[in-house]
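For HIS195, HIS293, the entry in TrEMBL reads substrate binding site. The divalent metal cation 1 binding site annotation in TrEMBL covers ASP212, ASP223, GLU349. According to TrEMBL, the divalent metal cation 2 binding site annotation covers ASP223, HIS286, GLU318, GLU349. Marked as domain 'Peptidase M24' by TrEMBL: 129-355.
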Amino acid sequence: MALKVPICRLCWVSPAPTPSRDPGERWSFLVGQPLKTSFPSAVPGKEIFQRSCVIVSRKLSGLEEAMRIRRARELQSSVKVRKRPPLRRGKVSGKLLVPDHIPRPPYVDSGLLPELSSEHQVHNDEGIACMRAACELAAHVLDYAGILVRPSVTTNEIDKAVHKMIIDAGAYPSPLGYGGFPKSVCTSVNECMCHGIPDSRQLQDGDIINIDVTVYLNGYHGDTSKTFLCGNVNEPTKRLVKVTEECLERAISVCKDGASFKKIGKRISEHAEKYGYGVVERFVGHGVGTVFHSEPLILHHRNDRSGCMVEGETFTIEPILTMGSIESITWDDEWTTVTADGSRAAQFEHTILITGTGAEVLTKC
């Protein structure tokens, strides 16, 4: 479950300044000579004013330019063929019950949004074993939820099935009651970036849906999500989903003891930009363990955030890519967040454990 930046919900992360580029990097910037434009006056020999400007342009590789043109044509074509109606809120049913014998996270009874913990969550052998168990359960629940995705199924039905599987395993669905969130899972359809609340809306043929599962088992949270295809999804949307998953995989590949966190955003951005997709900055990954959300905050875009990974710590990586704008609008339920322009978004998430030589994906079935 992603942390939200700006808009007053979970935590604030100031947008990263545009990083400087080394001359050896693949992209270069071309700066032209100042151009001066004079506008003549009615009086001979005089000018009204003079304007100077500098032309700055980014040099694209041939592959990037080709992908940009193809993406633009696909978007134009898809709009002509079918105008998809915007996502609308359905009816939200009441909160599901959890048996009294199942341990609850501390935030459930308070109903308040917990403060972000400043401590990185680094585990001993016993803690790692508990994290593996929680994450394994979350992965199996997510895999089961994906089987339910088909046209005419409601997101509320998915929530009920997920809730039952979690409590049957003796675990608590972490989103339920987190800052007032009313359901046991997040279901984000089409242009919904994340934190969609399950409701009575039926899935339609051609939809995509991200299902975000977090379980609390034996005092530890396991957090994961995946975007699923519903029925016959068009090729541009399939590509968005595929590239988003590839971004997550590439980000995980740079993780190891001593690696800087900013490498994650760099690797995701490099791959997304090849296909012309936007990388959402408002939502971030986070430390996870005995606490649901903690430092480090994982920025998925290019950034200069300091800090290095430590062996034994666990955190999530959960990039969101869009086909259009990365700007967002949050509905008045204070959770559901959609793209400002209605373009589709996809997200994938894993909880990982940093090791001496790399990263172990804890939420992979």
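Here the Cβ of each residue, glycine as well, is placed from N, Cα and C on the backbone.
Annotated features taken from TrEMBL, shown on the structure.
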residue	record	Cβ within 10 Å
HIS195	substrate binding site	25
ASP212	divalent metal cation 1 binding site	26
ASP223	divalent metal cation 1 binding site	30
HIS286	divalent metal cation 2 binding site	27
HIS293	substrate binding site	26
GLU318	divalent metal cation 2 binding site	27
GLU349	divalent metal cation 1 binding site	26
* Would you kindly give the Cα-Cα distance separating HIS293 (substrate binding site) and ASP212 (divalent metal cation 1 binding site), rounded to the nearest Å? => 15
* Among the binding-site residues HIS195, HIS293, GLU349, whose Cα is within 10 A of the Cα of GLU318 (divalent metal cation 2 binding site)? -> GLU349
* Structure fact -> Around the recorded divalent metal cation 2 site (ASP223, HIS286, GLU318, GLU349), other residues with Cβ within 8 Å of the Cβ centre, ordered by sequence, are MET1, ALA2, ASP212, THR224, SER225, GLY285, VAL288, ILE298, PHE315, THR316, ILE317, HIS350, THR351
* Asked: Where the distance is taken from Cα to Cα, which of the binding-site residues ASP223, HIS286, GLU349 turns out closest to HIS293 (substrate binding site)?
  -> HIS286
* Around the divalent metal cation 1 site recorded as ASP212, ASP223, GLU349, what other same-chain residues have a C-beta within 8 angstroms of the site's C-beta center? -> MET1, ALA2, ALA138, CYS186, VAL213, THR214, THR224, SER225, THR316, GLU318, THR351, THR363
* Asked: Rounded to an integer, what is the Cα-Cα distance in Å between HIS195 (substrate binding site) and ASP223 (divalent metal cation 1 binding site)?
  -> 13
* Average the per-residue pLDDT over the domain 'Peptidase M24' (129-355) and send me the rounded value. => 98
